[in-house]
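A.B. asks: One structure coming up, written as structure tokens, with questions to follow.
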Amino acid sequence: MTRLSTTFAAPRPSLVCFITAGDGDTAANLDALVEAGADVIELGMPFTDPMADGPAIQSANLRSLGAGTTTADVLRYATEFRARYPDVPLVLMGYANPMVRRGPEWFAEAAAAAGVDGVICVDIPPEEDDALGPALRAKGIAPIRLATPTTDAARLPQVLAGSEGFLYYVSVAGITGKQQAVQASIEEAVARLKQSTDLPIAVGFGVRTPEQAAAIAKVADGVVVGSALVEICGEYGAAAPAKLRELTAALAQAVHSARQEQVA
Amino acid sequence: MNTHLNSFRTQPDDRGHFGQFGGRYVAETLMPLVLDLEREYRKAQVDPAFQAQFDDLLEHYVGRPSPLYFAPRITEELGGAQVWFKRDELNHTGAHKINNCIGQILLAMRMGKTRIIAETGAGQHGVATATVCARFGLPCVIYMGAEDVKRQAPNVFRMKLLGAEVIPVTSGGATLKDAMNEGLRDWVANVHDTFYIIGTAAGPHPYPEMVRNFQSVIGKEARAQMLSRTGRLPDLLVACIGGGSNALGLFHPFLDDPSVKMLGVEAAGHGLDGDQHAASLLGGSPGVLHGNRTYLLQDEDGQITEGHSISAGLDYPGIGPEHAWLKESGRVDYTAVTDDEALEGFQLLCRTEGIIPALEPSHAIAAVAKVAPTMPKDSIVLMNLCGRGDKDIFTVAEKLGVEL
């Protein structure tokens, strides 16, 4: 059992929270997320050219890089997080170039040493898995893939082959933080994905409120919230932890109890 | 003499790789589209009707074939090799960019796409895209860095006259790479109806191959024209490189002619010793950006750094992946010339041949001015004069201290 599989094996759905490393007081922000009920942490590696991200996460990337955040800093945040939270799954999410800059083996080794459980690389599709996947698997780090509304039945097996940890369903064809998908389309997609894989399925993109999160948690194994949290980091800076705690607690409550309400 | 086993013209492989370069490094949302684009392009390639329509538009709308011109006075002034120009600056819209736009918009219509997007730096590709959209009646959105919108006001007005919507991009450094990021964001959010006309031989497969093939009309014409006029092949081809589409267009049809040497000219900006240049091959290192693995300007953490060139069209921190491969294979040599040298090249061509070149090919002229004098008088240098300089007169005036 890995930290990821243990977490997703719980009877209740999981709340997956994303923030960008180096945007504000990262350690304090991460503490706020975990203490308020986040089950899995996605820590964004900042990149100058976040092509798949909307304005909120773009700005967070630039704030982080503007503050001088380096790859070494991101790995240090991970290492310190692991020391504080031995059991909470930690996933690095970002773009290929910072991950492969010193070679995929270097990155996999460093991430493993930092206690990272999984890596989501936005711009390495299954077709380019060689660029990073084998190095991650060799170090026991889960390469977490994305499935999207454009991933059709013919393509899905290729996406699933080599996927580990969980499958991240991107519920809208678009960039992060924009509109939310129609609930019915999410339910249909999750049901379709569940027929093809035993991997836990986490749904994200455009999820901002406890109500949306609860609706998704009724059908999915996890709900990913990013831009709404990142906006708090941007707006409140050093005062972000208290606000993050507030939103995360509401999201966690909604996600964790989503199926109880259904049963009741 | 050449067999397919040692041909330089059979790249990329079926995964879109040029050796270790190229590929399809895009988000999953775009991956099915990129695969669909490749399938449709393969069908179009073998469809005589598609090729006939492309050829017809190039002849009657773009004005091809462009002339092959022997330049007597610059040859005399340089005192070495004969200098010839492929006159792609005489194309409709004033640059080679239109060749590729014609090909891509025909493909877009063939695929049933009803909305066109593109990125632009100096505005030449934006103008060419807006032009073909007007010609075929398709709505057109051009992403352009806010800095470039300010610097290239005449081209912004041209695009608007042609009916395009120009969206200034304020993220990042607000230049070409940021415009490309925004183009990719638009595409990922509008996958059902939108075709992205990428302007250079970069981006995810099949773009680098497809753009090269559409631009190869330059080299195919030049090769036939040179054989017909002189009975021989040139000794050296020279072209400037930003993303590299005009250079590949000229070089590719000659790659398996072993006697023909080739020189790609990057923008050295204020010099390769600092960070104020746009020479990805000579001053960068391999990495992944905008859908392909290629040489990039980047720091030790893989963060992309802002290039600089006097020419907005060369001011991009990457380069087409086929150039990265051609460099590593040794088939093509690469050099770089500074802003100041390009300005001298610009003036040299104005003065000796009565041609006002764009600042992009002015870099190639500067390289020709260095290399031609070292070559025998019976040798031939062929340079791609890929754009005309109307758009650049304000920049040049400012650099020369002239008030307009």
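Glycine residues also receive a Cβ, built from the backbone N, Cα and C atoms like all the rest.
Automatic, uncurated: that is what TrEMBL annotation is.
Checked TrEMBL, it gives:
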DOMAIN    B:63-387  domain 'Tryptophan synthase beta chain-like PALP'
MOD_RES   B:Lys97  N6-(pyridoxal phosphate)lysine
A.B. asks: Going by DSSP, is B:Lys97 (N6-(pyridoxal phosphate)lysine) sitting in a helix, a strand, or coil?
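C.D. replies: Once the DSSP labels are grouped into three classes, B:Lys97 (N6-(pyridoxal phosphate)lysine) ends up as helix.
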A.B. asks: Looking at the domain 'Tryptophan synthase beta chain-like PALP' (B:63-387) alone, can you tell me the average pLDDT?
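C.D. replies: Mean pLDDT for the domain 'Tryptophan synthase beta chain-like PALP' (B:63-387): 96.
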A.B. asks: Long-range neighbours only, meaning 6 or more apart in sequence with Cβ under 8 Å: which ones does B:Lys97 (N6-(pyridoxal phosphate)lysine) have?
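C.D. replies: Residues satisfying the criterion: B:Gln124, B:His125, B:Val127, B:Ala128, B:Gly199, B:Ser245, B:Gly387.
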